[in-house]
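Q: Just passing along the structure, written as structure tokens.
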């Protein structure tokens, strides 16, 4: 408890500005060189705590266009006979027909959920006829949409320009809002059209119908004195409110998971930039507390209270393995996903010795978005002994941490540091890991391509830590074959250039004049250029192979302080555009303005 009291005292002194600061130097937050651009837009025009804006005016969301029935020549068949579907049933049939041939349509859960929801949209007489998905034939529907997609690819330049102009007009009308007198870009002004839910991993609700969102489902948020957005003709909004403590412009509840969806500002907006900056500053502040927190939970492994022991072991997993705390679910929710606090005995196996290590814990469970988390990791002996204790006399379905809840853990984290959550730990460890990996992997003398490979390898370590997986892209094999073909062709060019250089060197040795010297230099430069191109292709192939099942983007955009990457780019003379796309650079404009080459997290 002494450490907890010290942490509370330190937090209070920090709020009062009484904690002595170390001298500003390389790698210390607060250094002027690492905090350049203090007059940035996201630091100006501050409101009191909780207030996000004074003025918010916008046009509301853009709704998906109404369904256009299929042409008469495109038919649906049941038991080999054409069946004329009602408009509602036909629309849902097109959702499945579009996906014909996709892996999803081979999954039993997807097929079952789709068919159940589709039958709900059918007329009574249609349900009496269509009783089995196996007897349905969507071939003509599928071919119709394949042909439409092919036709779009061969549009004339004029037709493509017209479509571009229409999209730009839509962007101008719905894609911007006025926030405190400034025009700000909106992130996702289009409401998602109806379709079939896919989910990530083996989601139990895959195939269910995502219903069409209507204006009557949508809550509008804007300032009281602004012009309220006009709903589409013949409709009205569910509600119009003025809540300046939130940053969303419109909200509705989607039909599959009953989760709330929002129209938000673009990530490059002032408010989003400020929120991101504060998020990473909170994680960065953890650096001053983390050693004491770790000492505390290690001491708590020996606590007399079972609740305290369980909390300490859970916090160790959150810290070391970047596990999510796990949100409590409503009774009856279909997806059996868990986090650290809701782990069951069946999700953990203990091995006294495995893989040449002692005290190994094997995790196997479905995490967020039904992504499987599997890991075998050696742990400290007291953690292993405590896990044995927690599992005594429990069945497979019993909670591992039966004295712990997400709520109680979060309350404890707040006591350790103001603003501390499991996600802050995750962000802190992800960012620290990236910084350490970049320091270990990057060599100043490497080529740009080799440095980028080092960066992606560092990013990959973080993605694995955070369990950011993806399925191998369906185009992977083909793209790798194309890349290997390019590499082979480049090798042949290098061999030919090397032979030409040898001949040029022999001619210069024989003639010794200026002309032969010029030819020799030209051949040498050509060989160097081709060798560099070959090296870049080889690095690209290695990078593609290593990351085929790892999603680098999730951690890069959400858990890694962008100032680390920008500082690395500046320090090693790597163009920032090699790491961040144009859209991402706009998103992290605040970091580009703040981070010098000596910034450290």
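Every residue, even glycine, has its Cβ placed from backbone N, Cα and C.
Not measured: the values here are computed from a predicted model.
Swiss-Prot lists these features:
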- 559: active site, O-(3'-phospho-DNA)-tyrosine intermediate (ACT_SITE)
- 22-48: region 'Disordered' (REGION)
- 324-329: region 'Interaction with DNA' (REGION)
- 152: site 'Interaction with DNA' (SITE)
- 200: site 'Interaction with DNA' (SITE)
- 248: site 'Interaction with DNA' (SITE)
- 279: site 'Interaction with DNA' (SITE)
- 337: site 'Interaction with DNA' (SITE)
- 368: site 'Interaction with DNA' (SITE)
- 410: site 'Interaction with DNA' (SITE)
- 468: site 'Interaction with DNA' (SITE)
- 486: site 'Interaction with DNA' (SITE)
- 1-50: transit peptide (TRANSIT)
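Help me see these features in their spatial surroundings.
A: Annotation note: residue 559 (active site, O-(3'-phospho-DNA)-tyrosine intermediate) sits in a coil segment as assigned by DSSP. Packing around residue 559 (active site, O-(3'-phospho-DNA)-tyrosine intermediate) is summarised by its Cβ count: 25 other Cβ atoms lie within 10 angstroms of its Cβ, all protein chains included.
Its own atom aside, the Cβ of residue 152 (site 'Interaction with DNA') has 11 Cβ atoms within 10 angstroms in the protein chains shown.
Around residue 200 (site 'Interaction with DNA'), the same-chain residues six or more apart in sequence whose CB sits under 8 Å from its CB are 369, 370, 371, listed in sequence order.
Shown in sequence order, 221, 262, 263, 264 are the residues of the chain, 6+ apart in sequence, with a C-beta less than 8 angstroms from the C-beta of residue 248 (site 'Interaction with DNA').
The 10 Å shell around the Cβ of residue 279 (site 'Interaction with DNA') contains 17 further Cβ atoms across the protein chains shown.
In the three-state DSSP reading, residue 337 (site 'Interaction with DNA') counts as coil.
In the three-state DSSP reading, residue 368 (site 'Interaction with DNA') counts as helix. Of all the Cβ atoms in the protein chains shown, 16 others lie within 10 Å of the Cβ of residue 368 (site 'Interaction with DNA').
The number of other CB atoms found within 10 A of the CB of residue 410 (site 'Interaction with DNA'), across every protein chain shown, is 15.
In the three-state DSSP reading, residue 468 (site 'Interaction with DNA') counts as coil. All protein chains shown were included, and the count of other CB atoms within 10 Å of the CB of residue 468 (site 'Interaction with DNA') stands at 21.
A helical conformation is recorded for residue 486 (site 'Interaction with DNA') in the three-state DSSP classification.
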Q: Do me a favour and check the Cα-Cα span between residue 152 (site 'Interaction with DNA') and residue 468 (site 'Interaction with DNA'); whole Å is fine.
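A: Taking the Cα atoms only, residue 152 (site 'Interaction with DNA') lies 34 Å from residue 468 (site 'Interaction with DNA').
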Q: List the Cα distance (Å, whole number) between residue 368 (site 'Interaction with DNA') and residue 337 (site 'Interaction with DNA').
A: 6
Q: By CA distance, which of the recorded positions (279, 410, 468, 486, 559) lies nearest to residue 337 (site 'Interaction with DNA')?
A: 468
Q: Among the recorded positions listed here (279, 410, 468, 559), which has the Cα closest to the Cα of residue 486 (site 'Interaction with DNA')?
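A: Result for residue 486 (site 'Interaction with DNA'): the nearest of the recorded positions is 468.
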Q: Please work out the mean pLDDT for the residues of the region 'Interaction with DNA' (324-329).
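A: Mean pLDDT for the region 'Interaction with DNA' (324-329): 71.
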Q: Here are the recorded sites: 337, 486. Which has the lowest count of other Cβ atoms within 10 Å?
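A: Among the recorded sites 337, 486, the sparsest Cβ neighbourhood within 10 Å belongs to 486.
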Q: Express the distance between the Cα positions of residue 468 (site 'Interaction with DNA') and residue 279 (site 'Interaction with DNA') as a whole number of Å.
A: 20
